[in-house]
Amino acid sequence: MAALSGGGGSSSGGGGGGGGGGGGGDGGGGAEQGQALFNGDMEPEAGAGAAASSAADPAIPEEVWNIKQMIKLTQEHIEALLDKFGGEHNPPSIYLEAYEEYTSKLDALQQREQQLLESLVFQTPTDASRNNPKSPQKPIVRVFLPNKQRTVVPARCGVTVRDSLKKALMMRGLIPECCAVYRIQDGEKKPIGWDTDISWLTGEELHVEVLENVPLTTHNFVRKTFFTLAFCDFCRKLLFQGFRCQTCGYKFHQRCSTEVPLMCVNYDQLDLLFVSKFFEHHPVPQEEASFPETALPSGSSSAPPSDSTGPQILTSPSPSKSIPIPQPFRPADEDHRNQFGQRDRSSSAPNVHINTIEPVNIDDLIRDQGFRGDGGSTTGLSATPPASLPGSLTNVKALQKSPGPQRERKSSSSSSSEDRSRMKTLGRRDSSDDWEIPDGQITVGQRIGSGSFGTVYKGKWHGDVAVKMLNVTAPTPQQLQAFKNEVGVLRKTRHVNILLFMGYSTKPQLAIVTQWCEGSSLYHHLHIIETKFEMIKLIDIARQTAQGMDYLHAKSIIHRDLKSNNIFLHEDLTVKIGDFGLATVKSRWSGSHQFEQLSGSILWMAPEVIRMQDKNPYSFQSDVYAFGIVLYELMTGQLPYSNINNRDQIIFMVGRGYLSPDLSKVRSNCPKAMKRLMAECLKKKRDERPLFPQILASIELLARSLPKIHRSASEPSLNRAGFQTEDFSLYACASPKTPIQAGGYGGFPVH
């Protein structure tokens, strides 16, 4: 640091000695004054000091640039050290000394850089500048944008180029990630980083250009009347008559046309480009792919011990990073409207979690979310029962219990007393205790599979059933009560696309009994026997899955482990969402307190669930992300991230938001609307994902819009109309082209 400062000071001092004769005429004195000014050790004195300061000022921007390069070089040294020794829990002491030396040097360089920036921005004019006044340089930067557009942004200290140009780019339908920024220096364009401080570029001109590989086109708008459920992509309000881009699917009202992005960006290919560029320039070593300790909850096997030296270095508060990433990680704004309990995750024991605390109004969620789809059908056309329609859950219960207005007209005291007595009787019959199956009534058969929290058997109880024995040998009273509370909600689930809950048992151990499904799982069909489904069948499977999840969410039930292993197909391809687990028995308990830890099927986990930074990461939108992965399996026939064999690397990249499924692998005959829906469900930010009522409406609209092959009207089939073979003898109606025997008609002689 001393050598660096001394060198810089000599350069400035030399300039002072050569340029200011009134300062004493001694080049050495000018050098001393320049060095003092550069190091910030003393204030310049009158006379020679003023001349040296005046001569050194023009060199400050150049010194700032040099310091910036030194900072970059120091950071590279730190990253190289971390690449070499960062994965070791007890690195050598010489490595720690070198690490501390580089970080101290980096802090000093950054502090000196800040001092120079302040002197550059808040510089006061000297006597020479008063004698020769110049127009003050405005702290602005001129920027040339794509499509021959330009703008001017203020050069504020501490603000990056990205933040300064973000608004201007968004108004033109662009994002910084799809553009590159250049500065003009010596007549040449030199690229600069988006995280560069804008104050370093005061008075310069920047050029923003779209990257070559970014699919950027102009919109192709058409007027459209949306007869099904659709929302404006700008104001998020209901859309009936408006416009839609045929390329990117952007929908809007006529009054919102001024807010439409000017450019049409294919974000699917853009995400793929970012991921490929990231892996190309920033490979993640295997020893560094484990998730940082601060992002993993306590108790996770992936987190190193807190008293080791390695994690302290990896999570050091210094500006350097252990792994080079494009920008610092910022967790998405989490939605705290739904307060649900939590539990451990398992790759083979899925879970449906029940919110027994407070019902959730899906209308409010839909209103806040909006949806970027092609629109969809009204939920009235859905085969979903009324309980799955969007709306307040209290209203749904009222609809289920009141068949019509006639019951409301019963106001006599006798009828109301009878109703109350009937309700009490039904309440006693429908209690949770009546759903408990006594010990000895279930005949347990062959073992089907096992997971971290239970084992599934095929059993007999008034027919074939699936019995899931839970790994809880001696439940505490708190666990047993929570288990019964959740069973009280599960017993009310009745839907064609949900495995039927039939009961539970507590002796000899906790177990739940569900309907037995004769078919195989969707995972078995797609990845084991590789069944080749037609596209219309795949879309129907997606529709039924969305319909079942829509019903669960309307019941305030979060699945929390939706994946292709838990979706079963009957022989007639009827979808059954199953493997109901319970959050109570899948959590780590200490007395009456419940704790969480990261485990489960990582391929289907949303980024916010992987991070586990919030007390409550599970929500309706986390199920939507898992459904997006299921859609990816349906449309590609393979699992995501099949090219990455390191589980920790997948956890790190998905949790940080740098890895998403490659949508370019979908089948060629996959509809564009389905691909857009898949991209919406796989949004990295939770609040940007749609909800299942909108997803179901879009899939139903897509299914109705697919071309269907009908029987030709020119080739009728009498069998299809209900005729039997005996009926043909009753009607001697010959075809017009059939030769007619002359014996039937006397007008033709017979020769």
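Glycine too: its Cβ is placed from the backbone N, Cα and C atoms.
Small disclaimer: the values here were computed from a predicted structure and weren't measured.
Under the heading active site, proton acceptor, Swiss-Prot lists Asp561, citing sequence analysis as support. The number of other CB atoms found within 10 A of the CB of Asp561 (active site, proton acceptor), across every protein chain shown, is 28. According to DSSP, Asp561 (active site, proton acceptor) sits in a coil region rather than a helix or strand.
What Swiss-Prot records for 1-32 is compositional bias 'Gly residues'.
Per Swiss-Prot, the feature compositional bias 'Low complexity' maps to 46-55 (among others).
Marked as compositional bias 'Low complexity' by Swiss-Prot: 297-324 (among others).
Marked as compositional bias 'Basic and acidic residues' by Swiss-Prot: 331-346 (among others).
Sequence annotations record features per position, and here Swiss-Prot assigns compositional bias 'Basic and acidic residues' to 406-432 (among others).
For 139-211, the entry in Swiss-Prot reads domain 'RBD', with the evidence type sequence analysis. Mapped onto DSSP helix, strand and coil, the domain 'RBD' (139-211) counts 18 helix, 32 strand, 23 coil.
The N-acetylalanine feature in Swiss-Prot is assigned to Ala2; the stated evidence is similarity to another entry.
What Swiss-Prot records for 1-55 (among others) is region 'Disordered'.
Annotated region 'Disordered' per Swiss-Prot: 288-440 (among others), in sequence order.
Averaged over the domain 'RBD' (139-211), the predicted model has a pLDDT of 85.
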